Amino acid sequence: MSGLRAVLRIARRDAWRAKGRSALVAAMIALPVLGATGVDVVHRSGQLTAEQRADRLMGRADALVGAYDPGRTIEQAVFPADGVRTLPQRPDAAPGAEQKRATDTEPTVLLGELLPPGSTLTPARTGPVAAVRTADGLAPVDTFEADLTGGLWRGRIDLVTGRAPAAAHEAAATRAFLDATGLRIGDAVTVRGLESTPFTLTGTVEHPGDLKAVELVARPGELYRQLDEAQVAAGLAPQTPSAEQAAVRKAAWLVTLPAGASLDWSRVRELNAYGYTLASRQVAAHPPAEALERQEAVGAQDERERTLMTAATTAAMALLEVALLAGPAFAVGARRARRQLALLGAAGGRPGHVRAVVLGGGLVLGALGAALGGLLGTGLVAALRPWIEERGGSRFGHLALRPAELLAIAAVGVATALLAALLPALQAGRREVLAGLTDRDPQRRTSRRAPLLGLAAVLSGAALALYGAVAGPVAGPPVLAGLSVRTLAVLGGAVLAELGLLLFTPLLLALLGRLARHLPVGPRLALRDAARHRTRTAPAVAAVLAAVAGAVAVGVHSTGAEVQDRAAYRLEQPVGAVRLTLHGDGDAMAQLRTALPQDLPDLGERADLYEAAYVFCEGCKGLVYAVGGPRYGEDVTRPAVVGDRAALHNLLALHDPAAEAALLAGKAVVTDPSYLHEGRAVLRMQGAGQQVRELRVDAVLVERPAAQRYAPLVVSPEAVRGLGLAVEPAGALWLPSAPVGERAEQRAAATVARLAPHAEFGVERGFTPQDSTVRIALGGFAALVVLGAAVVSTALAAADARRERALLSAIGARPRTRRTVAGLQAALIALLGALLGTVSGFVPAFALLRSRAAGVLGGPAVSAADAPWATIALLALGLPLLAGVLGALRRDDPAGWRG
């Protein structure tokens, strides 16, 4: 123990003596610990306890019942959001007593019989989308009814400012609603169809689980029924809600139990037999073993495996990043202290003592950096908590600080600091005392096998990671530390590929040194010095590589996940298109054609769309469908799109004279080959007595895969009439050259509502990415780490090269030359690290994205073109530029160097 105390005392005094170098070393350790701590706090804070999940689902009620599939038997997880499935039933099987009772009984009556006597049901159905009048026109909003004066809804709907609606025709709104409409508390809100009874806004509310909801919350009985009556007056009234329609309308009820009553798992199973889900606070707090087994059965097992794979790979990359960031710091420290260590050996110290002193420095500075990183990471999350919650779209359950996890992160930081100091310690122990006293740094030849080993490691790592990503859609059993084979394959492949790239660094430095002869004096000196002192330059490159690899992996994975979600999003018309759909308002079409361009001046060409109708008796008509190829044993059919050449332009982005001529000649223009049958398109319709009739029309194929989602075929109105079918106006489509603003859309929506009350109007905004708190935390901390690593690692390398700059000054080099050399050395380190880190970051990112796509039938793949190349270019070019400028601005006093 006395020896350990002496070693730590020497390390502490050395750290205090070289405050600048010690601060840089501690910063290199603190940066990744800060990032890991911040991500852990954000992740854990976003994970809700069972009680918090229950609050966001049912407020202060005891349970939430939902009409999922009345008349069928279902199975659910503890929380229905985690998984529900309808059990298969033979087509010829007679319905059981529960199924028949669920079908024939009104939902509230049935629930009153099934729930404990005295239970109170409070409707919790999400209302329809309504249109609210704004200063510019109409804006679509979600609707909800709830009595916020009591505490029943607290936790699901929270009052933020103002007061709860208490009188007739008062309402509350979310912050997103106020932002979208431009209204404020105290203003009157007019809902389309309810113009005679405007609402007064009394308060601002929020859904803790969905901060971006654009919603109007009225008192019970003041909105839903009135909207239904307005639909009745418009001729679009829904039928009386039956059990089936209640499920379609997402009917749900909060359940408040009388004193002493309970809803256990047996009651959940009973309601499942009738097709109703039940989220019980009691079951959530104390789930029985059977509930957990059912959760495994109905939940997404492969989704959990992919989540674990992402978390494990991220953790492994973070650990490697800590080691690679700390490595150059201790290497520089050991070289700067080699004379002091040599004096220790000259005084009788053994090599073991020298190694212990270097490792002691790793322990002291590692503990300091880990503590600093943990405190800063936690404090940063606490300070940025409101911003993170707003960007992520949900509130934290609480600021979750898991002492065991935070201490584990700090301990890993200290352990990796010791590991990073191990190699410098071994080198210091082997160094001859005379070489240390004379401050000589003998150079060793680079192994010729290292690049070959690096290439093999990169290829093997990439192959291993991709194998783990596509090894199968179902998670396998855990084999090590709770991780399956595929997770370990992705994790190990990512680490192996990054380590392999490190072996290329000395070779690249040597090659750059050979190019120096063709450059001016400043760059020539910088390249030759970097190549000559590879033991100093390579660790700094490794530090930047590790930081950039983490940032690129996070960026590519986040962007790729967004690309996959965007590809899975189903567009009904091109992005930016303005769509008008008529529902029996054909007489107003002429007025709309004149009025809409006044609200939207730059609409461009108008494409009139029509509906083909099969009239098989007086007052009887049916839709006409285009027939595609077979899928799952049945023909695919879609409503036939009827329009002229403007429809080809706006709907399909097709400007083909041959296609336009074919359409004018009465032929169908087909974009999907499966809709072409021996050179003709097939139109199918159904008449009296379920009689199916098919008509064929000549067609031409214009393959446009991107347009198939909008219309597999287009046929002209004249061709439809020539087949003996009726043609009715269905609406119009515009494709403006410039995006339509939200205010302009609101003005146009108000015009459409005035002239054609039944018509629908909208602008296709396309896919809107949804940020998550963990993704935001990963991106933010990755950017912070990469900037810090670039600055600190180049500063360490510059400090280690102070002797060379002093020699330049001694031989008469101008300050400009010295600054040029320092700046170019820093830029070279950052450039090599950024380029190698970019390659390394792609391996885990693409493996995880491939795994994500493999979990979805027909899931969209991600190509290299989908990577965030602008961000990567900023890292690859901007980071070296920043490092070079900082290196050139660094000022040294050459006389301050002592030999």
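Glycine residues also receive a Cβ, built from the backbone N, Cα and C atoms like all the rest.
Feature list (source: TrEMBL):
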- 318-432: domain 'ABC3 transporter permease C-terminal' (DOMAIN)
- 778-890: domain 'ABC3 transporter permease C-terminal' (DOMAIN)
- 85-104: region 'Disordered' (REGION)
- 315-335: transmembrane segment (TRANSMEM)
- 356-384: transmembrane segment (TRANSMEM)
- 404-429: transmembrane segment (TRANSMEM)
- 450-470: transmembrane segment (TRANSMEM)
- 490-516: transmembrane segment (TRANSMEM)
- 537-556: transmembrane segment (TRANSMEM)
- 776-799: transmembrane segment (TRANSMEM)
- 820-849: transmembrane segment (TRANSMEM)
- 869-889: transmembrane segment (TRANSMEM)
Contact call for the transmembrane segment (490-516) against the transmembrane segment (820-849), three or more Cβ pairs under 8 Å: yes
Whole-number mean of pLDDT values that fall within the domain 'ABC3 transporter permease C-terminal' (318-432): 77
Tertiary contacts of the region 'Disordered' (85-104), as residues 6+ beyond its ends and Cβ separation under 8 Å: 68-76, 110, 243-244, 273-276, 298
Residue distribution over DSSP helix, strand and coil in the region 'Disordered' (85-104): 8 helix, 2 strand, 10 coil
